[in-house]
Amino acid sequence: MEMKYLVARPWGGYERRMITLLSLSFGLVGLDRFIIMPLFPVIMRDLALDYQDLSMLSAILAFAWGGSALFMGAAIKVLGPKKLLVLSITLLSLLAGASALITSLVGLVLLRALMGVCEGAFTPVSIIVTDEVSQPSRRGLNLGIQQALFPIIGLCLGPLLAGVLLEIFGS
C-alpha cells in the first residue's frame with residue numbers, strides 16, 4: 001500500500017493577500033471593540049455619562065455581535081460569503097466614522113448596536129473565507145494568525161493609539 005502525502009504549495013500570492021487582509025480587518029474589529037475603553041473618561045465628561053452608561057455601551061455591542069453571529073448562516077446563503085464580508089466591513093467602517101458625530105447616549109447606544117451587528121456578521125464569514133483560501137496544510141496556521149490579530153491590535157495597540165490620539169487632538 002502506497003501512502004500519499006499532501007504537498008503544500010508555497011504560500012502563494014492570493015492566499016497571502018487574503019490572509020493579510022482578513023487578519024488586519026479582524027484586528028480592526030478588535031481595535032473598535034477595545035479602543036473605546038481608554039477613552040471612557042473623556043467620553044464621560046463630554047457627553048455627561050456615568051459608569052452605568054459606559055457599561056451599556058460595551059454590553060450592547062457584545063450582545064448585538066453575539067445575536068448577529070447566530071443568524072449569519074442564512075445571510076451567507078443569500079449573499080454569499082465574500083459579498084457579506086465586504087458589506088459587513090464596509091458598513092462597520094462607515095459606522096465607526098459616524099461615531100465621531102454622535103452627541104447623545106441614545107445615539108451612541110444605537111450606533112454601537114449597529115456596529116455589533118456588523119462585527120457579528122464579519123466574524124463568522126471571515127473565518128469561513130480564511131478556511132476557503134488556505135491550503136489544507138496551512139489552515140490552522142492561517143486561522144491562528146487571523147484570530148491572533150484581534151487581541152494584538154485591539155488590546156495591545158488600542159490603548160496606545162487612544163493615548164496618542166488624545167495627546168494630539170485633546171478632547
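For all residues, glycine too, the Cβ spot is worked out from N, Cα and C.
Automatic, uncurated: that is what TrEMBL annotation is.
Under the heading domain 'Major facilitator superfamily (MFS) profile', TrEMBL lists 18-171.
Residues or ranges marked as transmembrane segment by TrEMBL: 21-44 (among others).
Residues annotated as transmembrane segment in TrEMBL: 56-79 (among others).
Long-range contacts of the transmembrane segment (91-115) within the same chain: residues 29, 32, 47, 49, 53, 56-57, 60-61, 63-64, 122, each at least 6 residues beyond the stretch ends and with a Cβ under 8 Å from a Cβ of the stretch. Residues or ranges marked as transmembrane segment in TrEMBL: 91-115 (among others).
Marked as transmembrane segment by TrEMBL: 148-169 (among others).
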- Residues outside the transmembrane segment (56-79) whose C-beta sits under 8 Å from one of its C-beta atoms, at least 6 past its ends, are 33, 36-37, 87, 105, 108-109, 112-121, 123-125, 128
